[in-house]
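K.L.:
Just lifted these from TrEMBL, have a look:
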DOMAIN    12-150  domain 'DUF2157'
TRANSMEM  38-61  transmembrane segment
TRANSMEM  73-94  transmembrane segment
TRANSMEM  100-121  transmembrane segment
TRANSMEM  133-166  transmembrane segment
TRANSMEM  178-195  transmembrane segment
TRANSMEM  202-218  transmembrane segment
TRANSMEM  224-242  transmembrane segment
TRANSMEM  249-270  transmembrane segment
TRANSMEM  276-295  transmembrane segment
TRANSMEM  302-320  transmembrane segment
TRANSMEM  332-350  transmembrane segment
Amino acid sequence: MYRAKLKRDLMRWTAMGLVNERDAQAMLADHDAQASSFSVGSVLLVLSAVLLSASILLVIAANWQAIPRLMKVSVVIALIWGFHCGGAMLIAFGRTVLGQGLLVLGAASFGGGMALVGQLYHLSGDELDLFYIWLAAAVLSCVFFRSGIMLGFVAALCVSTLWVAFDRYNFDWTTQTVLLPPALSCIIVLLSFWAGNVRVRHVAGFLMLGWLIWLYAQTTDVRIAIAFVAGGFGLFAVLSLTRLYDSHVARLVATYALALSAIGLALINIEYSRGLPLAVVSVASLAISVAALVMKGRDDGMVRAIAYMIFAGETLYLSFQTIDSLLDTSSFFLISGLLLALLAFGVSRLEKLLSKKRGLKKEGVDAS
């Protein structure tokens with residue numbers, strides 16, 4: 001998708017005389033030479049690795065009683081070391097994707113092997129402790145081999161570990177349920193710098209959003225929802241209006257901060273569904289969506305999507321809450337359409353004004 005857009009832009013710039021044909025081809029060739037962090041083949045390879053490891057472990061488990069005890073432990077150890085050594089050799093010979101797939105097989109075999117050996121020797125222990133050990137081993141493998149695909153497996157293990165932890169404590173307020181989500185999110189983000197897999201940072205963002213929603217559910221205090229709106233949009237505004245937004249992590253934090261603001265608005269709407277409070281929430285939703293579009297809507301597709309979601313969600317919510325007070329449905333949408341047309345006119349004028357200011361500022365910099 002990005003390559004197609006880049007090619008169209010280069011063709012347009014070439015036609016405008018901004019770059020010559022030779023430079024455009026060189027830029028496109030440089031893009032093609034860069035290793036992509038996403039590949040359908042690599043994703044399919046990871047899925048096949050998980051399925052293969054599951055099938056191997058199921059075959060072992062199905063014949064578990066017939067296999068001698070020493071043979072059982074030997075097979076588990078051989079699978080773990082065999083997959084890791086094979087992955088290391090393939091990576092050393094330049095078969096990176098295939099080698100990382102074997103690393104995933106080794107990590108999956110490690111977790112399954114622990115469970116099988118625990119059953120064999122009747123080891124007592126908590127399921128959560130097993131996931132902690134499994135996650136620690138996967139993190140070490142990711143760090144040692146600097147594997148982006150392995151980091152994806154680590155992220156999946158983080159999600160599974162959180163689910164087991166929250167289920168273990170019945171979603172109650174405990175030290176582990178409070179501290180574990182932000183800790184695992186930090187691990188994912190830190191590993192993304194080392195392994196070079198930036199897309200997996202979205203897993204950390206979703207984990208933090210889910211954790212904050214869980215915090216709200218513990219008290220259902222509307223002041224927490226208001227803090228979500230104010231803090232989320234405030235953080236988004238601070239990051240988007242500074243040079244920090246050039247960093248991928250800052251853009252990610254700003255995007256999920258805006259999403260947190262949208263979640264806060266939805267929670268407030270649940271509490272206030274009538275009268276003046278509903279009107280205040282509606283105006284705030286409109287203001288936040290427009291402000292987000294003005295600040296970063298032109299440059300960031302995720303910001304646009306969240307802003308549109310806020311506006312559309314609030315409009316639909318109002319339609320269900322106020323439909324009885326209006327003449328009929330068509331009257332409501334007529335008024336909404338007229339207001340939206342006026343809003344679109346104002347936003348377009350504001351965007352043109354901002355574009356002119358940017359152009360004048362750039363000309364001043366070039367002249368100096």
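Placed from the backbone N, Cα and C atoms, the Cβ positions cover glycine too.
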K.L.:
Taking a Cβ cut-off under 8 Å, which residues six or more beyond the ends of the transmembrane segment (73-94) line up next to it in the same chain?
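P.N.:
Here the qualifying positions are 56, 60, 67, 100-103, 105-106, 109-110, 113, 116-117, 120, 141, 145.
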K.L.:
Short question: most Cβ pairs under 8 Å with the transmembrane segment (276-295), which of 224-242, 249-270, 302-320?
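P.N.:
Per the Cβ count, the answer is 302-320.
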K.L.:
Across the whole of the domain 'DUF2157' (12-150), what does the mean pLDDT come to? Round it, please.
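P.N.:
Here the mean pLDDT over the domain 'DUF2157' (12-150) amounts to 79.
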